[in-house]
Amino acid sequence: RSGPGEMLAALAVAWSLLAAAFLAALLLLRRSPAPRPGRAGLVISGLFQDLIRYGKTKRGCGQLPGWLRLLQVPKRWFTHFYVVSVLWNGFLLICLFRAEFLGKSLPSWIQDMHHALGRDSQSKDTGNEHFSALLVLLLLWLHSCRRLAECLWTSVFSSGVIHIVQYCFGLGYYIAVGSTVLCQVPTNVRNGKKLSVQICWYHIIGVMMYIWASLHQHRCFAILANLRKSRSGKVVSLSHSVPFGDWFESVSCPHYFAELLIYVSMAITLGIHNVTWWCVVMYVLFNQALAAVLCHEFYQKNFSSYPKHRKAFIPLVF
């Protein structure tokens, strides 16, 4: 069988390939190649645009055949992503908590997964991996709970749609990302330290950064929602407007930038050195950058007075 760590490296490679795919899509979009002459070229170009766009950014990207339009689902189904994440990552969190503090065994299928990844072959204590993973799973679960609450009670969804492939990918993503956290700890290592001893400087920095980014992300979602509400909180419009306030003064999509910072905070919480999670961060970087560029172009195209100093994604940079 594969040696210790080889399968874990394969997990990092898988996330890197996902990151590379979104980087390639971003580069293709920035290059804006003209569709090849003929029906096949137009269909391929239309499929590409359909798979990378969603919601308001699908407008004006060309008409697709009727059978392809049947593959669209409402953007409000984003809510399902967070329902799955709350349930799945909550389950993983409980499993790891029971193993860490109650001396219970992880489910056999989780142990089999660790065995395949070479995580059960370590013979010595590797530090605070269990507690760090437990903390990151908790942060991921809290993030999903907040986003679910925002989808249900804060955000105001229009009639925008997403492709069924994007929808299925989103469902699988939150299962994969939680499982990736759990795969970072060996099953047979218990360091026996008290909780207070296990708390390290990178845990404190990571959690503080997580809270800071989460607060700003929530404010940005509230700003977007309030564009469609009256002062009394009643929804009065489903049209798009230019947002102002908080990080919107610097970038068009500060909620995407905050999402990146949240995942960076988790990388710090895991101890900074975790290569696999940094590959996850790279995926989030290019995924959110692609969405931000599309959104930025939408604002520039539809609002002639849109602030020219705003970047798309990262303040002062991109």
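A Cβ is built for glycine as well, from the same backbone N, Cα and C atoms used for every other residue.
A TrEMBL annotation is a machine prediction, not a hand-curated record.
According to TrEMBL, the protein carries these features:
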type: DOMAIN; residues: 201-318; note: domain '3-oxo-5-alpha-steroid 4-dehydrogenase C-terminal'
type: TRANSMEM; residues: 6-29; note: transmembrane segment
type: TRANSMEM; residues: 77-99; note: transmembrane segment
type: TRANSMEM; residues: 156-175; note: transmembrane segment
type: TRANSMEM; residues: 195-213; note: transmembrane segment
type: TRANSMEM; residues: 260-286; note: transmembrane segment
### Query
Should the transmembrane segment (156-175) and the transmembrane segment (77-99) be scored as in contact, given a threshold of at least 3 Cβ pairs under 8 Å and pairs 6 or more apart?
yes
### Message
If we skip the immediate neighbours and take only residues 6+ beyond the ends of the transmembrane segment (77-99), which ones have a Cβ under 8 Å from one of its Cβ atoms?
### Response
105-107, 110, 130, 133-134, 137-138, 140-141, 144-145, 147-148, 151-152, 157, 162, 167, 170-171, 173-175, 178-179, 181-182, 185
## Note on the structure
Checked against DSSP, the composition of the domain '3-oxo-5-alpha-steroid 4-dehydrogenase C-terminal' (201-318) is 74 helix, 4 strand, 40 coil
